[in-house]
């Protein structure tokens, strides 16, 4: 059975997200720990979390994926921006301990003229500051499309960040299908080769989640424009290949396509229909 979900609004709490997930045929989901623009996180509601955890157990939910706010820039040259990112990451990881054993995903950020090497150094330094040996959450670096001065466009850049981090066992990678295709990794025609390269550079054991997104822009465009599954430049067959690939099929899949909950339900149904049991 595949673990497939989508990004859901956390405005009404965890139990509500779980019930929405069930209503659209999902058995996992992604959520923001706070407003995606980075405002203060909501207070923990232990009863809400307890109700959700019971619902998740009773319905066979897979691993959840929390997503950091988009505004975070851990490798900013502005000390105040970097401090804000560190504060949010620390607070979010404390929150995630109430949902033990799940995943937390973030964008490495933009070096904004400092150079990729400096960006890598700053991201790693920040991870060394916020990760703890006791935490039960795996932090995922997301593969990026390479727009502007983004860090994390190549597998080598992600590996360089990890190499500098002390608690490597607390790290993993979330592969975004739109991003890697836009970054020049041909997962449409050469999926096996891309995964072999990932394994050689990072190790497939680091791959912990997949963002399933088609792309509005062509291959190697270095753009980040998500599209509905099968409606973009990747096409339907690419996603059939991805969800059934022996290396990927047991991972949790998360849709971030430009659809509402009902639309995501349609995509989830289609993906399940094409998943080979």
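Backbone N, Cα and C atoms are what each Cβ position is placed from, and that goes for glycine too.
Site annotation (Swiss-Prot, ligand Zn(2+) 1) includes 67, 142; from 107, 197, 226, the additional listed residue is 107. Here Swiss-Prot has 224, 226 binding Zn(2+) 3, and the candidate from 111, 179, 274 in that same listed site is 179. Record check: Swiss-Prot places 142, 176, 256 at the Zn(2+) 2 site, and the matching candidate among 98, 211 is 211. Residue 211 (Zn(2+) 2 binding site) carries a strand DSSP state (E or B). In this structure, the CA atom of residue 226 (Zn(2+) 3 binding site) is 16 Å away from the CA atom of residue 67 (Zn(2+) 1 binding site). Other than 67, 107, 142, the residues of this chain whose Cβ falls within 8 Å of the Cβ centroid of the Zn(2+) 1 site are, in sequence order, 68, 70, 105, 106, 140, 174. The most crowded of the binding-site residues listed here (176, 256) is 176, judged by how many other CB atoms sit within 10 Å of its own CB. Among the binding-site residues 67, 107, 142, 224, the residue whose Cα lies closest in space to that of residue 176 (Zn(2+) 2 binding site) is 142. Closest in space to residue 211 (Zn(2+) 2 binding site), of the binding-site residues given as 67, 107, 179, 224, is 179, taking the CA atom of each residue.
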